[in-house]
Amino acid sequence: MHPYRTHDCSALREENAGQVVRLSGWVHSKRDHGGLLFIDLRDHYGVTQIVIPAGTDLLEKAERLRVESVITVTGKVVVRHGSQRNPNLPTGDVEVLADALEVRSSAEVLPFQVAGNENYPEDLRLKYRYIDLRRDKMHQNIMLRSKVITSLRQRMIEQGFTEFQTPILTASSPEGARDFLVPARLHPGKFYALPQAPQQFKQLAMVAGFDRYFQIAPCFRDEASRADRSPGEFYQLDFEMSFVTQEDVFTVLEPVLAGVFNEFTPEGWKITDGAFPRIPYADAMRDYGSDKPDLRNPLIIKDVTDAFRDSGFGLFAKIAASGGQIRAIPAPGAGDRPRGFFDKLNSWARENGAGGLGYIIFGEEGGKGPIVKNLEADRVESIREICGLKAGDAVFFAAGKGDEVAKFSGVVRTKVATELDLIEKNAFRFCWVVDFPMYELNEETGKVDFSHNPFSMPQGGLEALNTQDPLTINAYQYDIVCNGVELSSGAIRNHLPDVMLRAFEIAGYGPEVVEERFGGMLNAFRYGAPPHGGAAPGVDRIVMLLADEPNIREVILFPLNQSGEDLMMEAPAPVEPARLKELHLALDLPKPKPTASK
């Protein structure tokens, strides 16, 4: 017999009755019933109930065991009858009557319990992550992640993609976030950077003549944590294709994502059927107030600026006259809500930096509310018609200029739909956001700058760069969004040196700057580069959605905390002066802030 196990803890069934077996695992829980001791023994695969009979030498040894101790049990499989069966366990029809028990490793008192579903402080869980990962939900999340990655990889291979690995030690990149820098000992004063993405390498692979590349790529960015963004390190399904249009990229990625979500989505959930909707960026900002629209939310924002222009409602009339916008967020069914509902949303708006949240309630005899007192009846009716509302509905307003009012109206849209319970449940709704602007106006400097990826091909090519207002030029750039979460950015790349130099020139970067910063890729394009494009869906975010977790750290094996610290390994940590000297580095640490005198 094997020294540790003949079966795993999920394997035994009624047909094993009478067999002598050996199991190893962790003591998940113990229960004492009238002299008999029951142990739930857990391993990676499942749980089996162990019975320690009364009047045996094993009982005293088993009673001394702490939960989470590791043991090996040998005994006979017996069938459980009637109410003793546990339908919640695959092994619930049998148990093992122990006749030998060996302690492999005793556990000390736990910092928190593995059994149960209590919420413990995140920092405590991360400090003892190896214990946290024993909890059933966490174990399932990490196994789901592994299966999702396997599925993604297989689906890419089936579409003719080849997996390559790109360098981890590289040069600083233009992705936008701060780099993690690694001092080069053999080259004093110089640094490698950990890649923010394999962007330039995957494009160079296309220049090298490889046609379809992918990898599950680690990416490193020194940026702040969010619920859907892990600080420091994350993984993406990075891919690139030669001789493709934007639609070719969509045709490849849609079945990969739809297939993975169909494979791992809980039963009864709905997924976007057929081709994912394509929404131009301008339309997304107009209709949803976001470039990451959540299509589970049925509300569509409407522009009602003209209804307030030269109207009796002075505040909005003034905003309209000065070039601002008034946006209406429909609230179907909200007309029956008490006054407190509207006051609560008004207070919420103020807490979020707005002056308030105006509204109109529609009844059988017209509109009601503070705005209606100073707004002509025909204008109230016009707003109702534009928004497609009826008696018993309401509408909220956001007013201001440019992107600021667009984004705030999007936040209001989400808040109103949440409060009215309008967001579709148990569904994954995908869309592409396309036609991103190539450039934007930097509000601080007043100069034109790239709005997103500087290596995207401008729509219209060199002619557009030479003849159009830069702020009217769109790029062949796209995002894929699911339930309001951006899963991926991508683009058809700018592979023509003259177009690239002109694109950077418009953004204020001379040819010498481009040559210095991106000379490796630019030179490669001078030796014959195919048209190419790709994308890079975030693996962590995909798993977060499929696991229905609100925080991305719940689907990462050993994540950093919100402050970018590894509490378990105590990183980052100071290093010895001798190591700094070896690297020719000196520290210039910030001075501690003075404490107030008493």
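Residue numbering: from 1, along the chain as shown.
Placed from the backbone N, Cα and C atoms, the Cβ positions cover glycine too.
Secondary structure at ARG493 (L-aspartate binding site), as computed by DSSP, is strand. Cβ neighbours within 10 Å of ARG493 (L-aspartate binding site), excluding its own Cβ and spanning all shown chains: 26. The L-aspartate binding site annotation in Swiss-Prot covers GLU175, ARG221, HIS452, ARG493 and is backed by sequence analysis.
Swiss-Prot lists ARG221, ASP222, GLU223, GLU486, GLY538, VAL539, ASP540, ARG541 with the feature ATP binding site. Cβ neighbour count for GLY538 (ATP binding site): 22 (other Cβ atoms within 10 Å of its Cβ, all protein chains included).
For the region 'Aspartate' (199-202), the model's average pLDDT works out to 94. Annotated region 'Aspartate' per Swiss-Prot: 199-202, in sequence order.
For HIS33 (site 'Important for tRNA non-discrimination'), other Cβ atoms within 10 Å of its Cβ number 9. What Swiss-Prot lists as site 'Important for tRNA non-discrimination' is HIS33.
The two recorded residues, HIS33 (site 'Important for tRNA non-discrimination') and ARG541 (ATP binding site), show a Cα separation of 45 Å. Between the farthest pair of Cα atoms in the ATP binding residues (ARG221, ASP222, GLU223, GLU486, GLY538, VAL539, ASP540, ARG541), the distance is 19 Å. In this structure the alpha carbons, written CA, of GLU486 (ATP binding site) and HIS452 (L-aspartate binding site) are 14 Å apart.
Of all the Cβ atoms in the protein chains shown, 22 others lie within 10 Å of the Cβ of ARG541 (ATP binding site). A straight line from the CA of ASP222 (ATP binding site) to the CA of HIS452 (L-aspartate binding site) spans 18 Å.
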